[in-house]
Structure formats: structure tokens, C-alpha cells
Amino acid sequence: MSEQKLAVNEYLKTDSDYLRGTIQEGLDTAVTGAFSEGDQQLIKFHGFYQQDDRDLRNERKEQKLEPLYSFMLRARVAGGVCTPQQWLAVDEIASNLTSSNSIRLTTRQTFQYHGIPKRNLKTIIQDLDREALDSIAACGDVNRNVMCNPNPVESKLHQQAYAYAKQLSDNMLPHTKAYAEIWLDDEKLVTTEGEEVEPVYGKTYLPRKFKMAVAVPPDNDVDVYTNDLGFIAVADGDELIGFNMVAGGGMGSTHGEVATFPRLADDFGYIKAEDTLKFAEAVMTIQRDWGNRENRKLSRLKYTIVKHGFDKFKAEVEARTGIKFEPKRDVVIGDRGDRYGWKQGVDDNWHLTLFIEGGRVKDLPGQPLQTGLREIAKIHKGDFRMTSNQNIIIAGVAAADKEQVESIARQHGLLGKLITETRGHSIACVALPTCALAMAEAERYFPDFLTKVEALQEKHGFLDQGIVIRMTGCPNGCARPFAAEIGLVGKAPGRYNLYLGASFEGTRLNKLYRENIQEAEILAELDALFARYVEEREEGETFGNYTVRSGVVAAVNDAAKDFHG
Ligand code: SRM
Ligand code: SF4
């Protein structure tokens, strides 16, 4: 039998001395703003990506200059919770050490910086470290930032769910000291032959990225079914007793390659809360052992489960944990949106959810958002919670401080604009100019596009109703577009594939409806569909459900067969 060739990244990992590679040498080299090709893969495990400004690419080429390299750094913040003091540090770094002068809240509840010159990377990591923040394993073939429902209103349940998210995050961290050595100047650790540096991951880490989320029903803001591994909290009163475990979700795919597809996770069953880490480790190590290491396009957990079959995979999880799944418990999977404005928690504290368009915290003309959050951080005594919809919650505000927080938010344009239900439920990925993989605009174009969709909703008399609309610049799916009632996925500049038919709650994928179309055609399609919808919808029927029931698109029940079929 001929042996399949491993993917290049597998050799890079094996030969990297546990993720050190030649990053230190690359850092010391001033002749280029870049790292070597191999190190460009390894730095991801340290939380950052090499990028160049795509708006300037051609101009630089004409001038025979190397691309304007800079770095995107992503922090790892389990459950998206940080203190006001940490926020002030995050803000100061954005202002002083990045050319984008902004903080980008991500779809996985953390923040990114764009436009970091190589020479500032170390300073930034050290500044973050002083505030107990880091970017270890924020990217790379490891377990990424663990999401958790950030709703502080039912504070006891949230606190318990958050504790599990934090534990999952901490337990699945790589053990290598490479990050501390290179960025924090820790003493170089001499690795002895045969030493078990990475007891769980081993030398080759995982075949691909791995993502986990903890949902607290009925909220599904973390889009739990789109994750490799998800835990849906089951509560007895306000006590968290266990989880319904789901596994095998993911969004990434490649246009035109039917072997690749987005997928929602399968329901495995109920597990007791105290067994959570055991189950997480079992799923992750099966993926480590069984995942595809030859073709990175087919290496996520979803493909492993499809390849081996659900029953075999489940039996292996039970064998590795020594515990059988119980039948899944009844829970309601509800809204994926955030609860904007002030909400009072069971502990009588107040929580203010602010809508941040495109997750971009920046001082804009007439809307100094970054300054506003900084001013709030200076007086706030609770915490900040980043949401998976790229928003932020000022959580734990005492009644006596509410007026002051609100006044700062209003003065800086963080409050006061009417956010429609649709806009409040919709997200776009970063895309151009920083994302190397973008085929079309997303973050920069989406707000104007939504205004046009809102006008159509108004025309058809249902602007008060939310539709989950998501846009990405390519089919990697960073804004989870295949789980949107209306998904727009970039194909080429100004051109998108239009997907329809996902459920409002994120429990069914959408399906391709029109390919490679421009704005005018997209809006014309939506205009016609909205007209049919208001005419033909059943009582309470959501737009996504309508498009499936009425046969506009077929339902995707088994992604491996139905998504392209
Ligand atoms: Fe993503 C790659 C941005 C969430 C699926 N993602 C990228 C890169 C790093 C491009 C690259 O590889 O060069 C993007 C950097 C753009 C930039 O300039 O900042 C990027 N992804 C993002 C963020 C910032 C989008 C946002 O607008 O917030 C999100 C950061 C999350 C975080 O904090 O960790 C982000 N990415 C996601 C999600 C959504 C999620 O996880 O809930 C997905 C779909 C779910 C999934 O993983 O299947 C996602 N990103 C991908 C993929 C496709 C993976 C695959 O299985 O095929 C890639 C490409 C890759 O890995 O090869 C990718
Ligand atoms: Fe970039 Fe594509 Fe992800 Fe958007 S979906 S950030 S374009 S990789």
C-alpha cells in the first residue's frame, strides 16, 4: 500500500522544536518585515498572522517594494470576559503600537489588532502579559478561544458555564514554553531526548484548528452547532448539572470543491457536568489520532466524523471516557442575537450591551467609539464581555453608576442609534484589506448593504422582524454565513453567492440559491422573496423556515449529502 504524503504543515510542526522554529531569528532580522515561509505557519500558534495591506499591494509592486507587511494579533480570552484595567491596556496598545488604530472584536469573543509592524510584536505581547492577557493558541492547529454565552443577567448560571469554558480553555493549552521564551524572554528550556513536552498534543499537535463553545439555552449566541465541539448547558433551577454534547460542526469550504462543506454538529447525548473535561479530551484526542493529516482542506473534525461514521465515533468517545452518553435532555435552542441596551440581572446589577458595527472599535467622525469605551473603562467596576456577535457588554454596573455609564456611552455614539432587529442579528467578517484569503469585501461594505435590505423590509412592511444575515469575503465562513437565513459569500470583487434557508436559531444550514451575483441582482432577488414571504408566511414563520417550506431551497439535513446536492 502506498503511503499518503503528509501535508507540509505536519513536517513543519514536527521539525519546529515544539513551535520554536526560527521565529527568534526572524524577529531579529530587520532587512524584511516578514518571517520565513515556515515560520509564517508557526507564528499562528503564538496568536498572529503575517498580512499585507491589500489596498496597497499593486502600488507597492509597481514601486518594486516588498508588500507592506504587518501582523494581525488575536488574543485568547475565554468566554470574552476582561476587566476594565485589561481593556485600558488593550486600548493603549491599539492606539500606540498598531497602524490600524483600532480594536477588532471577533466572531469568537475576543479581540484582534491589525497593522502591527514586526518590531512591535514583542512589546505588545509583553504589554498584554503584564495584564494577564495572551495570544497563546489563539490560532494554529490547537484548541482555539473557547466561547461561552456572555449573558450576565442570569448571573449564577453564566458564572458556572463560564467556569467550564475557562477550564476547557486552560486545560487544552499547549504546554510548550516556546511562547514564553521567544516573547517574554523566559530562559530557554533545554528539551531532553524523549521528554514529554506536550502530553496531549504531541509533536504534531492537531491536524487542524479545533473550536469549542459553551451555550446557555435558550441563548445560542455562540452558534454552538457550528463548533467542532459544543456543550449546551442543562440546568436544574439555577444550578448547572450537565451538558448536551454536540460535535462535528464547522463552516469552512472551498468554492467548487464538493468534497468540502460546512456542517452543523451532531447531538451526542447528555453528560454530567463533572465529566466535561474528560469528554472534551476524548473528542480532541480522537481527532488528533484519526484526523486527516494529508489534506488540510479535509482535516477538520467534521470530516473525521463523516469518514468514520457517527456510531463508530461515538463508541470511541465512550470507550476513551469509560462513560456512556445518556439521552440528550430537552432544551430550547433560541436566539443567536445579543440583548441590546440595559438589562437588570438577578443580582440587581445592570448590564449594558452595546452594538459595535462590524466589531470595529475605532474613533469615527462623530462617533469616537474607542474613546468612549476607554472612558467607560476608567470608571467601570464590573467587567467587559465581548460577544460572538462582535459586540460588547458593560457588565455588572451598580444602579448608582448606571447614569454615568449611559451618559458616556451616549456622548461617544455608543448608544442612541436605532439598530433594527436585522442589523442587530447580522455579522460580517473582516475580509479586505487585511485578510489574505478575501475574494470580496465584507466588513467595509456590509453596513451599506444592510441599509438597502432594511429599506426592502420596510417596503414590505416587516422591518420590525429580525433576519439573520451574514456576509463573508470567502467561503472559509468566518462570520458563520452558512448558518444564516441569508448568507452572502464572496466569490470575486463585488460578487457573492447567495445562500438561503438556515433556521433563525442556527439549527439548520442554508443552501446555495444564486451564484456569483452582484448587489443589484441580490437586492432584486430579496425584493421578490420578501414580497412572497409577507404574502405566504404562516403565523410566526421565520424567513429561513419560509424559504425551505415554500420550496425556494431544499432543506439541508445531512450536509455531506445535501449541501451541494
Ligand atoms: Fe476565520 C482564516 C478571521 C472566525 C473559519 N480567519 C482566517 C484568517 C486568519 C485568514 C487567513 O488564514 O489568512 C482571517 C483573518 C482576517 C483578518 O484580517 O483579521 C480570519 N476568523 C476571522 C475572524 C477575525 C472573523 C471576524 O470577522 O471576526 C474570526 C476570529 C475568531 C477568533 O477570535 O478566534 C474568525 N473563522 C472564524 C469562524 C467562526 C467561528 O469560529 O465561530 C470560522 C468558521 C467556523 C470554522 O472554523 O469552521 C472561521 N477562518 C476560517 C477558515 C476555514 C477553516 C476550515 O475549516 O476550512 C480559515 C482558513 C483556514 O483555516 O485555512 C480562516
Ligand atoms: Fe477572510 Fe474569508 Fe475569513 Fe472573511 S471568511 S475573514 S474573507 S478568511
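Cβ coordinates come from backbone N, Cα and C, glycine included.
Within the same chain, the residues at least 6 positions away from CYS429 ([4Fe-4S] cluster binding site) whose Cβ sits under 8 Å from its Cβ are THR107, CYS435, ALA442, GLU443, MET471, THR472, GLY473, CYS478, ALA479, listed in sequence order. Per TrEMBL, the feature [4Fe-4S] cluster binding site maps to CYS429, CYS435, CYS474, CYS478.
For CYS478, the entry in TrEMBL reads siroheme binding site. Cβ neighbour count for CYS478 ([4Fe-4S] cluster binding site) (all protein chains, 10 Å cutoff from its Cβ): 23.
Residue counts for the domain 'Nitrite/Sulfite reductase ferredoxin-like' (70-129) under DSSP (helix as H, G, I; strand as E, B; rest coil) come to 29 helix, 17 strand, 14 coil. Annotation source TrEMBL lists domain 'Nitrite/Sulfite reductase ferredoxin-like' at 70-129 (among others).
The feature domain 'Nitrite/sulphite reductase 4Fe-4S' is assigned by TrEMBL to 168-324. The average pLDDT for the domain 'Nitrite/sulphite reductase 4Fe-4S' (168-324) in the predicted structure is 95.
According to TrEMBL, the feature domain 'Nitrite/Sulfite reductase ferredoxin-like' maps to 348-409 (among others).
In the vicinity of ligand 1, defined as a Cβ distance under 6 Å, the following of the binding-site residues CYS429, CYS474, CYS478 are placed: CYS429, CYS478.
Apart from CYS429, CYS435, CYS474, CYS478, the [4Fe-4S] cluster site neighbourhood in this chain, defined by C-beta within 8 angstroms of the site C-beta centre, holds VAL430, ALA431, LEU437, ALA438, ALA442, THR472, GLY473, ASN476, GLY477, ALA479, GLY490. The Cβ of CYS474 ([4Fe-4S] cluster binding site) lies under 8 Å from the Cβ of ALA431, CYS435, LEU437, ALA438, MET439, ALA440, VAL489, GLY490, each of these being in the same chain and 6 or more residues away along the sequence. Neighbours of CYS435 ([4Fe-4S] cluster binding site), defined as other CB atoms within 10 A of its CB across all chains, total 22.
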